[in-house]
Amino acid sequence: QMVPLKQRKEKIQVRPPEEPIIDISFSLCISVWSIGEGAPEETEKHDDSQKSTLFIEKPQSGSVSVGENITFIAKVEAKDLLRKPNVKWFKGKWMDLASKAGKHLQLKESFERHTKIHTFEMHIIQAKENFAGNYRCEVSYKDKFDSCSFDLEVTGKIPLVGDGQDDAGELDFSGLLKRREIKQQEEEPEVDVWELLKNANPSEYEKIAFQYGITDLRGMLKRLKRMRREVKKSAAFSKGLDPAYQVDKGGKVRFMVELADPTVELKWYKNGQEIRPSAKYIFEHKGNQRILFINNCTVADDARYYVTAGDEKCSTELFVRDPPILVTKGLEDTNTYVGERVELSCEVSEDDANVKWFKNGVELTNEPRSRYRIKVEGKKHTLIIEEAAKNDNATYSVMTTGGQSEAKLSVDLRPLKISLALEDQTVRLGQEIHLKCEISENVSGKWYKNGQLVEASDRVKIYHKGRIHRFIIASSAVDDEGEYMFVPDAYNINIPCKVHVVDPPRLHLDGLGEDNTVTVVAGSKLRLEIPITGEPTPKVMWSKGDKVHCYYSGRIRAETYPDSSCLVIDTAEREDSGPFRITLKNEAGEDTALINIKVVDVPDPPQAPNVTEVGEDWCTMTWEPPANDGGSPILGYFIERKKKQSSRWMRLNFELCKETTFEPKKMIEGVAYEVRVFAVNAIGISKPSMPSKAFVPLAVTSPPTLLAVDGVTDTSVTMKWRPPDHIGAAGLDGYVVEYCFEGTDEWIVANPELTDKTKFTINGLPTGSKILVRVKAVNAAGASEPRYHPQPILVKEVIEPPKIRLPRHLKETYTRRVGETVNLVIPFQGKPRAKVSWKKNGAPIDKNQINIRNTENDTIIFIRKAERSHSGQYDMRVKVENLEDKATIDIQIVDRPGPPEVVMIEDVWGENVNLSWKPPKDDGNAAITGYTIQKADKKSMEWFTVIEHYHRTSATINELVIGNEYYFRIFAENMCGLSEDATMTKESALIAKDGKIYKYPVYDDFDFSERPLFTQPLINTFAVAGYNATLNCSVRGNPKPKITWMKNKVIIMNDPRYRMFSNQGVCTLEIRKPSPYDGGTYTCRAVNELGEAEVDCKLEVKAQSNTTFSIHEAFYFYP
């Protein structure tokens, strides 16, 4: 009989002898399985031949009573790991215990830095019976992975099935099977597994199938795939097939659809192949119903079926189920010994049936690496354990689709006897350690040292042959000393012994430098650790001279540890330098060594430097190295300088000076400086030396210029020159004149004392000789480079004809005003002993009024206050022996003129008056250049100028006011100005009325309004950073325009760095100490009610030059 899966609900009950009932309700469940772990983990757990990749200690299977606690420990060595490995704990195949941590389960981890071992612990607290089962620990690090399985056995009172269900959720797998006691008249609520699968992730399918007992997961996933497809409403089928059907093997199944149109042709398909009517497949029509019967169903009929009506299709899945397999002969309890072969057998109702084996509820698989082998012979199924172990004690069960059977396997140990016990040994360091024991049983075991498990390695060889166990270390080390123990597997017995390794004391000084020298900086702490070896631990003693350092107090002390000894100097001092002796003693011998402690420090400061030479902006300084270099060679020196009146020192070199001489530069001439020196070694910089004596950079002047011969006599030579082009801050003290005779190199100083004049006569020279002359300028810095006369000078007087060199302005009339000074210099030539004479208008000059001074090269005429009487023609004569030269100079002394003689009113008509006058009698010794006419109303007598600079002696005055009476006066004017007085008319001029009404002309007010106009624009400007800059322009406009300044089109407002001025139309923007940031385009905008105008310019701010920076760097960089 066929029943749709979604409508069918079966209950299969299996009743073992103890009478519990396992009730499994599910639409496809036909068998009940225990949950657990398969055999591969068992193989991992017990296969000692495979070496672990990460674990150095794996968790071991254990047993605990109900209500007690148990801890499982796993250890991982971190020597080759850069970070902590990832560790997970599982129960069974998939339960991650990290999510179950609580009051019954705690996971802990720790790290021991000394041994570099990670320890991971799982604590089970107040164990319950359902905590029993197989567990797994996994560790991973990058591409490395390791896993270990172990079992937990819980002994004690077993609660009734169904008791304690509230606590079973944390570690209980069996709770997933819904085990409970028989409850009458109570149905389990139906669970929609399809909804669970449809909403679950694919990774959870196996978990859901295991939880609800699904045996045909493939069919379930096929059906789930069909159900997830979107079901479209069919026009051809009014009722389609169900999603899935299930039938027992040999049974009959019925498929039925209803058509909307019974005339449509219908076809049935199985796995894509059309089904034809036969004895197996029977078609039936009932109205709109179309029915397919499949008789005698077999496993081959388990397939996908679909029916087509035109272009539409409807599909379903058919599942064919085998009949339940019964257990006809159950398992039997078995007792055996460790190492024996065990076989557990049962028989079932069908040949080659699907049978599952379980150990304590954990499924066993027949994999090649499993310790358990399953053998099938027809209806007989056998579980084989080749070599039984203690942990094989368990309840084994077999399950089929229709029944189950279980039995207990008890594995006991044979009594163990020790045939040969381990013996205590004493060996020397490096010799072989050989431990051997013999027991009565051929079982494996483990070796322990001081309670720690010892694994076989390159050093440690462990052998097991039959009943003999051997432990060999080819070359013993100090660490090999301890208590060793052999523990046979599965036996609660151990075979102990002691190994004692002796070794003479030894100092390990490989880490020290040459000659065992240790260098420490003064003031720092020294902790010198010397590794030591020796068994037993040697006694350590430190000493320096007669002083022994063996206490744990004081600035210098010794500290001793099992594997090292430390010499500690808290604050090293130079006096601590010297050899320290360390001595080791134990019963096996003695060792000693000398260790040189070298305390280094910064060097002592050098002595005050000496300034040996100075220049315009430089000096040369030297110094001696410091007396004590601090124990480390001097690497170089730092030099600093400062102005004497300042307290700011400035570093001059940023790279070490290797020599003991230095040349500071870029100093200010004339300013007093001091210098000092720092010594530098590998430890640091010394304190500064004492400052040098103050010095002032000074430079000699440049050579004198224009050295020439001024005169030669028979016994003397007169030289003249100009001062040097560059004198400097040291000034000029005077000159030194030197000469030498032609053909010799001996220079003779002509003036033993410096002369401050630029002319000097060398006397006492032999007539006819030739001399070379040079002149040096001298100041505080010394003598300058000499200036040489280019040619030899003959000492012999030469007649030079007289020649007056009259200046050009004296070749015309020389004019001066009365009261001014007359000072005329007329140069001339003539040798020897030229005579000069003067005459005025042909008569000798009165020396009381006019001063005459003559020199060899010029003559000077001087009048302190010129008068008009000094005017005239001056004749100058220069005479040398019989030769003569002369020149004439016209001097005119002028003054203001007198007033005109007479001023007369010639005529008056209308608004006009005609005046005439005579020139003044005194013209002031200069031509009259014009007249100035003024008028005054008779009533007020206030004078107003009418005409200026008028050249004629008659004039007409116009536009006088009718009815007024006027007086007139006239001033005469020459090159010195207006006359002091004026001549006034004796009569007045009346402007009479003629009876006509004077009509004043009407003038419109002038419109002064004007829109802003810049009469002077801004110009592009370059400014120097740190110095104020100004921008100027001029603007006009009426009404007065409002001025606005902008930078880069942004209005400048309330910025203290800018000041704005506007005076009489001139607009100024002052920028205080600009920086390169202030560069840009500046705009001046003028606005009034008639319009606006703008001008702009670019401002570029340049950084200060290096020279300026070097002069002031001391003030900017050093406090």
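Each Cβ is built from the backbone N, Cα and C atoms, and glycine gets one as well.
So that you can see what the record holds, here are the features copied from TrEMBL:
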type	residues	note
DOMAIN	323-410	domain 'Ig-like'
DOMAIN	605-704	domain 'Fibronectin type-III'
DOMAIN	705-798	domain 'Fibronectin type-III'
DOMAIN	802-890	domain 'Ig-like'
DOMAIN	899-994	domain 'Fibronectin type-III'
DOMAIN	1012-1096	domain 'Ig-like'
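Taken together, the residues of the domain 'Fibronectin type-III' (899-994) have an average pLDDT of 92. Per-class residue totals from DSSP over the domain 'Ig-like' (323-410), listed helix then strand then coil: 3 helix, 46 strand, 39 coil. Break the domain 'Fibronectin type-III' (899-994) down by DSSP state and the numbers are 0 helix, 51 strand, 45 coil.
With DSSP classes pooled into helix, strand and coil, the tally for the domain 'Ig-like' (802-890) is 6 helix, 52 strand, 31 coil.
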